[in-house]
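TrEMBL annotations:
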- 663-680: compositional bias 'Low complexity' (COMPBIAS)
- 719-731: compositional bias 'Polar residues' (COMPBIAS)
- 25-165: domain 'ML-like' (DOMAIN)
- 632-684: region 'Disordered' (REGION)
- 708-766: region 'Disordered' (REGION)
- 1-24: signal peptide (SIGNAL)
- 167-189: transmembrane segment (TRANSMEM)
- 333-358: transmembrane segment (TRANSMEM)
- 379-399: transmembrane segment (TRANSMEM)
- 405-431: transmembrane segment (TRANSMEM)
- 469-488: transmembrane segment (TRANSMEM)
- 494-512: transmembrane segment (TRANSMEM)
- 524-544: transmembrane segment (TRANSMEM)
- 556-582: transmembrane segment (TRANSMEM)
Amino acid sequence: MWARSSILLGFLSIFSVLPTSVFAGILTTDAVSYCTADSAVDVQHLDITYHQSNRSVTFSFSIQAIESDLNVDAYLYLSAYGRDIVNLTIPLCSIFDGIICPLPTVNFTGYGTYPIPEQYTKDIPALAYSVPDLEAYAQLQLIRTDNNQVAACLQATLSNGKSTRQIGVAIGTGVFTLVALLVGLWHTGMVYSPSPAQYRWFDILYLFQTAAASGLLSVEYPTVYTSFSRNFAWAFALFYSSDMQNSIDQMRSDTGGTVEAAPDNQIVNNLVTSNLYSRNLVDFNSFTSPLALRAYIEERAAVVQSYFDDNSGLAHYVEAMHFREKNVLDTIFFFYLAFIGIAIVFHIIVFIVVLICAKAGADWAKRLRQMWWGFCGGNALRLCLIGFLPLWIFGFLQFRLGGSGLSIFFAAFGIAITFLPLLAVFILSILRSSRTYSTSPNISRLYTSYRWFHSVGVLYRPYRQKFHYFWFAPLILAMIARAGFIAFGRDQPWAQVIGNVVIEFILLLLLVITRPHKDLKGDFLIFFLCFCRMCAFGLMIAFIPSVAVGGIVKTIIGFVIIVLFGVPTILLLLGLFWNLGYGYWWRRNKRRIEDGLEVDRFVDSQDDQQDHPEMRQSVDANTFVSGAGTYGARQSVEPSRRTSVIEPIADRDSRAAPTHYGSPTGSVPSSPVGPNSPTNQLNDPYWRTSGPPMASAAAYDRAASGGGHYGDRYPTDRPLSSGSNRTNYYTPMSPPTSPIHRNVDEIPRASWRNSGQGTGYFARDG
């Protein structure tokens, strides 16, 4: 019996000529399955490994013939990267002198080593032993010698133990993105930080989401790229849980959806019974010549090649991750809700820490406590960005698939909660940016409002004032278009590939024309990222079936695309280290208007802050008690307005406010202000007896505490706006009788603030 089984292993070892191992020069059977559901041979276990060094096969097996008196010949077809390696007929009874004819009908197991003749191995390319995700497969058919019918059919994928899909890559990129997000939150919490880490985290996440999305197209990917793209399934929240999938199946079944049956596969050890072939046996007597028979065998081999090479489409991607296609949207949506819950808990914990540290006197905690709700609002917008692309892609897919009404609702709701907040912020930002202060016409109100900048500002901080909307149009719109091409362009590979290329090309063109970022580094980085994405999608034209590019060429192109995603990853990793200490350990005092510089110096009363940020420059506040004094101080300020100037803030209609001398603040003296000028209030006897001038910061602090007086005005408890708790705003003691006082009342919701020993300024609310 052992002699017969040993000889039987001779034909089984043929499986290994292009047959998961980590040693060089080794090929193994990665998956063995039946080609037909009806088989006269029962293979319960089969592992075969081919060793290049000595051209030998090691094996272990458990096999038996179901029928008695079963005499067969073997037809073997082997292929790698679309090239025929072996295609031959093996008369088993003749080669082995009839010893294995008929096949044994008892179950027998064994293991051992068997040498393979060089004629069967000489055509194996050296690349097969080293390239990751070897694209090789084999088909073995056992044909009855008496009637030429298929007694058994086995097929296998072959592996050299190397793959571009690595759990370390998935974990590493996920941790990288999480750390980048936390660093960004830390810099945002520091309030005054100019670090790009506050928005660069999304460039990192979007890179990995794009890498995952690039594996969803209906093209014929090389296996090496299919495996690579699955490393980033985490970026779409594709985390598999059998219990969760069963619950989703039940939910969909109860809400009008259909639940597809599990694949009709019988798994015995590592063997799978597949329905790839018809259950009916083939009558080989119908072939009139050996050539016709060979043509049929090659045709069936082509079917196997199509089966193993069908690495295309969104459905194949998610099914390879063990998800049913109609379950994906629900899975992503539930994980997104879970992530929102985690974010809420995170903010509660941080708030408790901030309160404790603020009471302990930590300055950073006081600043963060002051802008806490803006901090939370900005992070809510970040949550919209995190779930935007996956929810839109699979939301569109759910609309196309239909089925469960609840799943369709989840798709619509997911799209709404990620888009409507961003749309509202975009519209409000456009309206707000159209309003400027007459005293600072070159500074958008997006960059002067404390609360607005520290909440909504997380979206437009990377860009120059002129292009503050670039985050939405075109970037958000581009993500919507990408999702549409991927989800609605199924089975249309040309539309999917060209659509994505056009999207990236338009973005690239806009980046070159507008240069929207606030510095050259930002323009260069985003241009480079966009260029890499465009090239990656452009190279996928070679994967379109109608282009008919060979397997080896497609594999090389797959490696090139991997590089196009790998190089930006390294660049962004280096940028994370740089941005970690940006503004604190290096590149100090490099703040721009887009970094919130004017928020510290141009505090709009509508912010209703309890405590204003301290002034950054000591300026004699006593020179601003009149329009003349203000004008004189302006002469020493550069046009960019990057100094701490406390001055009247008027609306766009530039309605004048009164000065101490009854002249509008916008008036300009006919002669320069000098030490002996009558318009210089330091010559006033009052000021000569009241002590030296005060710095603006000290004057403001004194005003905030209610100190000082100002002519015929007195402190009042009337708050400046409905949400303000501040007091000590100066108003006239009697109804206005002069044109000057009438002018004061014409300015709605305006009041004067005392800034110490007669110095002051006023601000508009709204």
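Residue positions begin at 1 at the first shown residue.
Backbone N, Cα and C atoms are what each Cβ position is placed from, and that goes for glycine too.
Counting same-chain residues at least six beyond the ends of the transmembrane segment (167-189), those with a Cβ under 8 angstroms from any Cβ of the stretch are 195, 197-201, 204-205, 208, 231-235, 350, 364, 368, 375, 378-379, 382, 454, 458, 569, 572-573, 576, 579-580, 582-583.
Remote same-chain partners of the transmembrane segment (524-544), defined as residues 6 or more beyond its termini with a Cβ less than 8 Å from a stretch Cβ, comprise 203, 207, 210, 214, 217, 219-222, 312, 493-494, 497-498, 500-501, 504-505, 507-508, 511-512, 517, 553-554, 557, 560-561, 564-565, 567-568, 571, 575. Long-range neighbours of the transmembrane segment (333-358) within the same chain, counting only residues 6 or more positions beyond its ends whose Cβ lies under 8 Å from a Cβ of the stretch, are 189, 237, 239, 244, 248, 364-366, 368-369, 372, 376, 379, 383, 386-387, 390-391, 410-411, 413-414. Counting same-chain residues at least six beyond the ends of the transmembrane segment (494-512), those with a Cβ under 8 angstroms from any Cβ of the stretch are 217-219, 474-475, 478, 481-482, 485-486, 523, 526-527, 530-531, 533-534, 537-538, 540-541, 543-544, 546. When Cβ-Cβ distances below 8 Å are used as the criterion, the transmembrane segment (469-488) is approached by residues 213, 216-217, 314, 388-389, 392-397, 399-400, 419, 422-423, 426, 429-430, 459-460, 462-463, 495-496, 499-500, 503, 506-507, 510, 514, 516 of the same chain, each at least six residues removed from its ends. Across all of the domain 'ML-like' (25-165), the predicted model scores a mean pLDDT of 76.
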